[in-house]
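Visitor: Here it is, the structure, as structure tokens.
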Amino acid sequence: MSYADRSRKRRLLAGGTALVAVALAAVELFFPESPVSEIVRIVDANYVKSVLRLAVPITFAALGGIFADKSGVINIGLEGLLIISAFTSIAVAGTISGGSPTQLQLWVGFLAAVLSSVLFALLFAVICIEFKADQVIAGLAVWLIALGLAPFASKVIWGQVNSPPVATLSDWTLGVPFTDISLFTANPPVVMMLVAVPLAWYVLNRTAFGRWIEASGENPKALDTVGVDVRKVRYSGVLLSGFFSGIGGAGLALGRVGQFIGGGATMVNGRGWIGITAFLFGNYNPLGAFGASFLFASLDALQIRLQQLGYSIPSELIGIIPYVTVIVVLAFVGHTRSPSAAGEHYESGEE
Amino acid sequence: MSDEGGDSWQERADRALARLVDASAFERILISLAALAMSVVVGAVVILVSGWVATCESPVFSVAGIGSFCYDPIDVYVTLFKGAIWPSYNVAITLKETTLLLFTGLSVAVAFRAGLFNIGTQGQLVLGALGTAMAVLWVAPVVPAGAVGALILITVGLLAGAFVGGVWGAIPGALKAYADANEVITTIMLNFVASGIAFTLVSEVFKDPESQTVQTRAIPGFAQLRPVFFDSTVFSMLALVGALVLAAGIYWMLNGTSFGYDLRTSGVQPEAAEYGGVESKKTMVSSMALSGALGGLGGAVYVLMVASRWRTGIPSLGFDGITVSILAGNNPLGVIPAALLFGALKTGSLAIEFQLSVPKQLVGVLRGLIILFIAMPEFFRMVGARFRFGDERPTVATDGGETTDGSAGGDQGGDDR
């Protein structure tokens, strides 16, 4: 399938979504009593708010994945990085406070979580760049290590795979200065996400560093020729993937859930993998990746709301909707051309 | 290397394959052993650190100025391996795990050899298990109890598991072949979908009405794979022998049949395979279907031998299968010792938790570490091969230009090159 074909399909999908939205709005307007209307009425300010909260780990994983992949290092370990940081955030906040952390202690946990994720990413980078490991297998290893390590450490610390609950980060309120009027209140990780998405876009598209990242993944030799160290650029790309995933994991644990859940696929439950799909769908563009994350999160929020409304659709079945969507999206519109040199190791000519 | 310029792609690929597969066997065993040794060392550090973090009544040793340590790594490893074989009942548990891991390990290995990364064995196993339970429960009323009935039901169960797993495995194969969807992502997503579908089907339609938990009715006792040598309710020697025969069969299939040849060529040299007349799309779908069928068989054996029914909380045998296969260098015969090792680790992990209060999830950490270490020397070896046989493969890595397989997929690693 050609690239033009893909973008046409992407536009069709966007147009189709808009049409459905208009149709649903019409149903709501003309048939307020119908069951469809009840579902449409789910979509309100609170719904959007919860979608944004659900989108946090997916979006941050996607942003991280973009930087790593664009620099030429495929990082499929994002899921593991989310798990590590979600665990660390709760473990640190809980331990330093003795169980009931204050807001300040929660933020210390947040920072520690980002740091732990960056350190894990550094390990991954060293293995891939210095030891020329196979990136896909090494990424898989990062995921599996996190999947084993976090519940293991949970048991060591708390005696069980789940942590006791802690408080979550309080919302930030933005108001008009010197008045009581508040414009909006939002979860801090949500605010960070809304800042990070355009910032990442700006860095990638309008700065020298963004051009280096691009060149490092597309044509490292050219980058080398103009005197930029490909290794350093790739390290930055991978470390940024750790940085963003760290915010995503800590945002999930401290912003929304207030607990580490280590059973099964852990509380991260595939969001890192959905993040990968989100940036593929968004064609390595942070804005597109955010759009895709928002789409997946809104499906997730929809199934939560439908359950709250008491629809007798089995929750497990609705729960698979985001995953099915990912597959459909990937099969029909989501495929994108990866950076040419992604997955390839680069040896500087001067060595 | 002599001049090979005049040879056809097929001949070149043939020779490259033969050399890389055979010449690397010894080296590969060394790599796997080295990875195991490194994991044991790093695992010991993990044990020490966690023992330092943990609080316990009687620390095993203390270091002045640093603190007390609750776990002794050597003790943990000794218990881990002792626990796998003692008491004798544990041998049965170890062999049970080994049997199941043989199926999932082979499943991952077959896909890998075709250049496909099947992370979806878990989903194929979960749905295969459901297919087996449903088929056996459906056929059971019309067959006579006893040996004949057992033969019929076990056959039906195995076929159903393999069929359902095969169909589920063919989906990501077809998505990759015809829609270019990365199988690493689709197989992972299909794992979530499979467990969602299975849970819903059982809880809404096939639930055992007398049970509080989500599970099907139990299959008749005579349809269960029974112990022959060990006095155990969870392990059947027959199943283990069957799995070993299957491993040998897959080895023969890969190395002695034309389908196996096509499959391996597609994995090692996709372009060469195309030039050589291999229909890569069909090979992709059929090798994923075969991989899924093996995963489904694992699910069938889980139902017939272990659980007697489909129930929630099926262990992560599929993910362990990835480790088993990678440790085995994706060689079907190598899968046998690798499955035995992980079977032993699984059983031993229960012993360390029970006897030393070291969380059994430690084995999950070791699993990840093993993969991590195998990922590294593996590439050193590939680089070595590339330098030695530099004229064999285009040196795509250094010029940053077009790659031979530019996809972001898992088709670049771990297979026999």
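Yeah, the Cβs are placed from backbone N, Cα and C, and that goes for glycine too.
Relevant sequence annotations retrieved from TrEMBL are reproduced here:
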type: TRANSMEM; residues: A:12-31; note: transmembrane segment
type: TRANSMEM; residues: A:51-68; note: transmembrane segment
type: TRANSMEM; residues: A:80-100; note: transmembrane segment
type: TRANSMEM; residues: A:106-129; note: transmembrane segment
type: TRANSMEM; residues: A:136-161; note: transmembrane segment
type: TRANSMEM; residues: A:181-204; note: transmembrane segment
type: TRANSMEM; residues: A:238-261; note: transmembrane segment
type: TRANSMEM; residues: A:273-297; note: transmembrane segment
type: TRANSMEM; residues: A:309-333; note: transmembrane segment
Visitor: Count the CB pairs under 8 A between the transmembrane segment (A:51-68) and each of A:12-31, A:106-129, A:273-297, then give me the winner.
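Guide: The stretch with the most close Cβ contacts to the transmembrane segment (A:51-68) is A:273-297.
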Visitor: So which residues does the transmembrane segment (A:106-129) touch in its own chain, when a touch means Cβ under 8 Å and the partner is 6 or more beyond its ends?
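Guide: Those are 73, 75, 77, 80-82, 84-86, 88-94, 96, 135, 138-139, 142, 146, 166-169, 231, 234-235, 238-239, 241-243, 245-247, 249-250, 253-254, 345, in sequence order.
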Visitor: For the transmembrane segment (A:309-333), which stretch among A:80-100, A:238-261, A:273-297 has the most Cβ pairs under 8 A?
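Guide: Checked against A:80-100, A:238-261, A:273-297; highest Cβ contact count belongs to A:273-297.
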Visitor: Test the contact criterion for the transmembrane segment (A:181-204) and the transmembrane segment (A:136-161): 3 or more CB pairs under 8 Å, pairs 6 or more apart in sequence, then answer yes or no.
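Guide: Checked: the transmembrane segment (A:181-204) vs the transmembrane segment (A:136-161), no contact.
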Visitor: Cβ under 8 Å to the transmembrane segment (A:238-261), counting only same-chain residues 6 or more beyond its ends: which ones?
Guide: 53-54, 56-61, 63-65, 67-68, 71, 73, 75, 78, 81-91, 93, 106, 109-110, 113-122, 124-125, 128-129, 150, 154, 161-169, 187-190, 192-193, 196, 267-268, 271-272, 275
